[in-house]
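Listed in TrEMBL:
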{"type": "BINDING", "residues": "E68, D134, I136, D137, D299", "note": "Mg(2+) binding site"}
Amino acid sequence: MSDYRKEQEVAIEAVRRASLITQKVLQTSISSLTKSDKSPVTVGDFSAQAIINAILAKHFSDDKIVGEEDADDLRSKDADKVALKEKVIGLVNEGLMAEGADQLEKPLSETEILEAIDKGNCQGGVKGRMWTLDPIDGTKGFLRGGQYAVCLALIVDGEVRLGVMGCPNLPIDKSAKKPQEGNLDEVKQRDDLGVIFVASEGKGAFQRPLHATSSTQLTPIKTREITPEILSKASFCESVEAGHSSQGTNAKIAEFLGISSPSVRMDSQAKYASVARGDGDIYLRLPVGDGSYQEKIWDHAAGCLIVTEAGGKVSDAKGRPLDFSIGRTLKNNKGVVAAHASVHAKVIEAVRKALEEEGRGHL
Ligand SMILES: Nc1ncnc2c1ncn2[C@@H]1O[C@H](COP(=O)(O)O)[C@@H](O)[C@H]1OP(=O)(O)O
Ligand SMILES: [Mg+2]
Ligand SMILES: [Mg+2]
Ligand SMILES: [Mg+2]
């Protein structure tokens, strides 16, 4: 097994810088626009993608990047988009020139920044080294002051080897109260929020405060011990957005498992992080409708490895491993189930029963 120590160091610094810039956007103002698929994208998403891609390109110039965003909208002559681009340029240079490792001495030009964003255009695949990046996962959460995550993973020959996830709105201490969903004022005021999660294949999972210096020790994290006998006491989490996973099916699965407490709804891969550090036991993401939506690799790669390395198991709704080797999407999989390894099979059995009851057993 290779040692990805250098990659880990670079990825943590890139995610740290990008996460801090998204926090700055939250504290000031969030300019956004709507993409052609009707989903929102903000100055924070573009800036974070540019910062991370620029740092990756500096250290690993031959690596490919599969990123969510591209710079097409920022090349538009439309006045609103020009204004948004100017903000992105300012934020990217602020992020890259701030003190710390990889500090840039002179600002990047507009062309360099747009090119950095567009480095995320790789189509994925089974061979070689590629990074996958979701500069802001849970943009809708970000806009309403909910949870969001800056997610970066290294995939080598189709397998996730390294995952780094910045969660600027999660408490450093897992037992501290999470900010009330959608309370932007609360996340602006609290100073105990901001975590980076890290996992490297075969080396375990860790967390560190977002605001710490890069020399800070990583603290190991573990999923909560839960046996099939006490599964009814488990807590499960799911998306806030009803269109992203079938909350009705999730509720039925919980009922089959005897879980009586209501779900914890949370945007983004922060759900994976919560399961990984034992602040939740099960993450359910059951497909909606006919299941035609194909999950994107950047929405799961980092979270999947972090849960696995923390002692959990991640699969699709049928119990199959997530296949990151076939392009930009997980088209061989439907839905996602993450849980402590010892109860995962029991959860999958409940998923099968629930989907069959709904006449969706073929999914
Ligand atoms: N129909 C859909 N089903 C599942 N996930 C979706 C769907 N539409 C968008 N997403 C993605 O779900 C992620 C957020 O998930 P969550 O609900 O767990 O917070 C986002 O990355 C979002 O993509 P996008 O970034 O394009 O908005
Ligand atoms: Mg996403
Ligand atoms: Mg995103
Ligand atoms: Mg998006």
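Glycine is treated like the rest: Cβ placed from N, Cα and C.
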Lowest local Cβ density among D134, D299, which the record lists as binding-site residues, within 10 Å: D299
Counting across all protein chains shown, how many other Cβ atoms sit within 10 Å of the Cβ of E68 (Mg(2+) binding site)? 23
Ten-angstrom check, please: count other Cβ atoms within 10 Å of the Cβ of I136 (Mg(2+) binding site), all chains counted. 31
Using Cβ atoms only, which residues of the same chain lie under 8 Å from D137 (Mg(2+) binding site) while being at least 6 residues apart in sequence? Y148, A149, V150, C151, S268, Q269, W298, D299
What does DSSP call E68 (Mg(2+) binding site) in the simple three-state scheme? coil
Mg(2+) site, defined by E68, D134, I136, D137, D299: further same-chain residues with Cβ within 8 Å of the Cβ centre: D45, L133, P135, G138, T139, A149, C151, S268, Q269, K296, W298
